[in-house]
Each structure stands twice: as C-alpha cells, then as structure tokens.
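Peer 1: Copying in the features that Swiss-Prot gives for the protein in this structure:
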- 547-568: region 'Disordered' (REGION)
- 85-105: transmembrane segment (TRANSMEM)
- 123-143: transmembrane segment (TRANSMEM)
- 158-178: transmembrane segment (TRANSMEM)
- 187-207: transmembrane segment (TRANSMEM)
- 222-242: transmembrane segment (TRANSMEM)
- 257-277: transmembrane segment (TRANSMEM)
- 345-365: transmembrane segment (TRANSMEM)
- 384-404: transmembrane segment (TRANSMEM)
- 411-431: transmembrane segment (TRANSMEM)
- 439-459: transmembrane segment (TRANSMEM)
- 470-490: transmembrane segment (TRANSMEM)
- 508-528: transmembrane segment (TRANSMEM)
Amino acid sequence: MASEWPETSRASSVEENPKLNIPEIVESVSDSKPSLKNQFSTTVIDSSDLNVFNDGAETTVKEQEFTSSELRRLQKLRLKMDLRIIPCLWILYFLSCCLRFTVSLSFTMNTAQGHSLIQTLSGYSAHYLALGLALFYVGYIIFEVPSNLMMAFIEPRIWVSRIQLTIGVVGACHAVLGTKHGNAQSYVALRFFLGVAESGLWPGLAYYMSRWYRGKHLGKRIGWYYTAAQIAAAAVSLVSAGFQKMDGARGLYGYQWMFLIWGVVAIAQALSIPWWLPAVASKEHRKSLSSFIPLPKWMKTLSPQRIGFLTPADKSLHSRYIAEMNVGKRWQWSDLLKSCLDLRVWPFILMYFGIVGVGNGIFNYCTLIIEEINPSFSGIDISLLNAPIWLADALGIVTVMPLYDRFHKKFSFFTGSCLIIIAGLAVANYAPRAWSRYGGLLMIGFGLGPTVPICMAWCSASMAKTYGDVGVASSLALVTGLGNLGSVVTTYALYSGWPGDPTFRKSNDVCIALIGVSIIACGIEFLLDKTGFGQFNASFNNHDHEVEDEQEMTDIKPALPSSQQADA
C-alpha cells in the first residue's frame, strides 16, 4: 500500500466510487471507535490500491509484500535463527538417540568377559527382551499426544528441556541393571519409562521449528537436525569400544559407564536449553514453568527471559514473516477436536506408518540382512558395511531437503523418495550378486532420509494455517504416535519375527507394499490440501475477522509529518 495517495481529483474519485468515501464509513463506526473519525476524515481510498467494503464483500487488504531490503533482512534473520536454534536441536536429538541406541549395544558389550547386559541381568529371557522393546513403543505412543499438547500451555523450550532432562535421568538409571538390584523386571520398567520420557520429543521439535519458520523454509531445517539420528547411530558404535575398555573400572561394567556418561551429558545439555533456545512468541494464556515456582530475587536475574535474541526491528519483521503460521492464537477445546478430526491428519499417519515402519525394520535388522546377503562376511565386515547405510540416509537428507524447500513440490519429492526405497528393496531382494544387493540397501537408506522431514514439515505447515498452535501440536503427535505402530509391525511381525522367512525376502516384499500405502496416502493428502475438503474453521478465525476490520481502518491513514508521527 502506498504511503502517499496519487494527486487525483478527490471529488471525481468520490463520485465514481461512493462506497470508498471514508468519511461515510467512519460515521458508521464512530460510536464504537471515535478515534478513527479524526484519522480518516479527509482520506479517500482509490479502488486500485485497496478493496474495502466492495459490494458487501468481506473486508480484505491486499497482503503487503516484502521489499527487496526486507527480503535481505529476512535472509540474515533466518541465518541468525539457524545459528541459534539448529545446533541446540541437533545436539539435543543426537543425545536422545544415543541413549536410545545404547540399550541394544549393551547386549553385546564385553561378551568375552561375560559382562554384557544379557549375561549379567538377573532373570533375563528372550521374552523379557521382546517385552521391553515393545513397551518402549507403548509408552511412547500413549503419552505422545498429551506431551506435545503441553507445548500449547507451557513455553515450548521449557517443555523440550523437561523432555531431555527426563531422557537423561532415565537413561542414566539403566546403570542400575548391572547392580544387585537389577533384574529383568526392572529392565522392562526402564524401557517403558524411557518411551514415556521420549514421548513428544520428535513432534515437539517440529512444533518448535514451525513457530520460527514458514512452511516453505521448514523442511530443510527439520532435515538438518534429523541427521543427528544417523550420526548418533554411527557414533555410539564407535564410542562403545572406548566404554568397553573401561570395563571393571571402579567396579562398574562397561555398559554401566556408557549409560551413566551419556545420561549425565544429556542432563547437562537439558539444563542449558532454556538459555540456549529463544522463547516463542505467545499470548497470555501460555505460562512459563518458572511462573509456578517461587524463586529468590537473585535467581530471577539469571532467568532465560532476560536473555535477548531479536532486536525490536527483527521482532516486527519476524511477526510479519511468521503470520501465516498463526503463532500464539487463542484456541478453544473445540479447535483441538477439529484438528484431530481433520481428514488431512489421517493420510499423514499412513504416510508416516509406512516410511517409519520400513525404516526401523530395515535399520534394526540391517546387520542380519547383510549377513544373509553374504554369510562369509565377518562380524567386523558387517559392522563396517552397516555404517554407510546410515551415511546414505544422511546424504539423502542434505541433498533432497534443500531442493524440497526451493521448489515446494511436496508430492513429487515424497513419492520420488518412496520410489527409490521400492527400487532399493527390489534390488536387495532379487539382484544376482551380493554387492548389488548391498547397493540396494544403500538405495533404501538414501530414499528413507528425506521422507520423514518432508512428512513433518508438510503436516506442520498445513495444520498451522488452519488451526494454529493447537493444530500443529495435536496433528504432529497423532502422526508420530499412531504412525510408529508401523515400527511395531515391521519389528515384531517381519524379519526375525517371521519364522517362515529366514532369507527376509518376504519381509522386504511386505515393506514394498507398505511404501506403496505411503504413496497412495500422499496422493490423497495432496488432493485434500488442494481442495480443502475435510477441513474445519478454527474458532479464532471468526474473532480475527472482527479484529481485522478495526485493524484495517487503523492502517488506512494519510502520511503524517514526522513531528505528528512522533506524537501518534
């Protein structure tokens, strides 16, 4: 909108556009907003600049585009946010993944000395091992939605810090399994509580990111910190060799040192998060966790709220930039129900079900699949061949996600990645040579990499525009919670859980079908997004229309001299 109106005949303009005569409009609203009359008593709007009260249509203002200088400022602002936010989230997710992966490593650490978790755990049996693995997902799924919804009530960075803190505490408590108090029942309980502690982390991180970046800038950045999982898988294997050297030090087994050290590091990082991550813009209904805890005055000086991040000018620009994501809108419980019943959520769940199920199935049984491809491979060979598959996964993320953010072709990039997975599964199943089949595993890893970040970014952007905070929190929790049932299917019903499939080829065929389901669900999601079918209107949208009518009137005013602007 121009700051100064063109020098045209005001009389003719009023005659040609009688509905655009602001004095008449102001008279109709002067009873409720007397101050508006003084601001607009001499202003006439040209219909080429603005469409206001036109033939009874809803009041709208043409969206103000960013100027070239503002676009350059936005680039610098996003870089500033990247440098502050991404490293913290990457380290956070890396440490949480390390604590998750260390449990499986403890089964084989220091086996020659008889000091592995399996060898030292009282009452151990294969039944308890499977039960512990299953209950991890049960705890994760049950508490996923309530944990993520807490971010709509409590400042997100505080809740993320709480999640990481409990992950570190429960992870460190696994060291108890090597003492006289440890037994199979305590192992099962700790696995369950680790799932409860981790619930809400992955969707919570995506929710937090959606409060800082628009949907078109979200996918690449989710992919950046998602690479922490792949790096963690390789890192814990290498670092575990060092922990095995510590076996017997101060009377502790090697795996006990591993649990303790990773847990303490995670706890330390969790305590730094409130000062490291910037606070999300919020309304008065969101409370800080510290507001419920009485603190002495000297501690208030160390409050995270006192740590500055954005300048007032940056905050103003960011507010305009992030407006389409409906950050901080006041919502009602009916909006939560609407977001859960929105038809778009359920295709996302099926998309996530297929890709995460196949991903966890392949990666959990990857060493066994490599061994089946060539039984002559030694244990060291298998370990060395396992790492490149994770690296291929990370390569897929850093290669595809920048292109995804650049071209915004959600359906094309997701289905393209899924087709690479299907091709990889087919090669791993039916290629005549062992190394060709191993190449199929690399293809699977590359294709799987970008699928989860695309799914999360797409869901965040779609639901934020319709339901705001509560829509993002609830939908991401449902997608990751129910979608992780795919992991249960592939982990326990396929591969080693399928007695009639010793070569794993039937399991790979089922995985191809699961990826096919993800592709079909992606097509349905694309159509629902385009047509708007199955969506509901959030309660805050009705309130916003009333507010916008008043806000537009305050925005439409003639340019004032600098002295008068200062008074205003």
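A Cβ is built for glycine as well, from the same backbone N, Cα and C atoms used for every other residue.
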Peer 1: Honestly, do the transmembrane segment (257-277) and the transmembrane segment (439-459) touch, with at least three Cβ pairs under 8 Å and pairs 6 or more apart in sequence?
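Peer 2: Touching, no - the transmembrane segment (257-277) and the transmembrane segment (439-459) miss the threshold of 3 or more Cβ pairs under 8 Å.
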Peer 1: Any chance the transmembrane segment (345-365) and the transmembrane segment (85-105) have 3 or more Cβ pairs under 8 A, given the pairs are 6 or more apart in sequence?
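Peer 2: They do not touch: fewer than three Cβ pairs between the two stretches lie under 8 Å.
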Peer 1: Go through 85-105, 123-143, 158-178, 439-459, 508-528 and flag the stretch with the largest number of C-beta pairs under 8 Å relative to the transmembrane segment (187-207).
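Peer 2: Between the candidates 85-105, 123-143, 158-178, 439-459, 508-528, the best contact partner of the transmembrane segment (187-207) is 123-143.
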Peer 1: Quick test of the contact rule: Cβ under 8 Å, at least six residues beyond the ends. What residues does that give for the transmembrane segment (123-143)?
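Peer 2: Non-local partners: 183-185, 187-188, 190-196, 198-200, 481-482, 484-485, 487-488, 491-492.
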Peer 1: Where else in the chain does the transmembrane segment (508-528) make close Cβ contacts, counting only residues six or more beyond its ends and a cut-off under 8 Å?
Peer 2: 343-344, 347-348, 350-351, 353-355, 357-358, 361-362, 410-411, 414-415, 418-419, 421-422, 425-426, 428-429, 451, 458, 486, 489-490, 494, 534-535
Peer 1: Give the nonlocal contacts of the transmembrane segment (439-459) in its own chain as ranges (CB under 8 Å, at least six residues past its ends).
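Peer 2: Residues packing against the transmembrane segment (439-459) from afar: 202-203, 206, 215, 218-220, 222-223, 226, 230, 345, 348, 351-352, 355-356, 358-359, 362, 366, 369-370, 388-397, 399-401, 404, 410, 413-414, 417-421, 423-429, 431, 472, 475-476, 479, 518, 525.
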Peer 1: Would you mind listing the long-range same-chain contacts of the transmembrane segment (411-431), meaning Cβ under 8 Å and 6+ residues beyond its ends?
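Peer 2: Here the qualifying positions are 351, 354-355, 358, 369, 373, 396, 400, 403-404, 437-451, 454-455, 458, 505, 508-509, 511-512, 515-516, 518-519, 522-523, 526.
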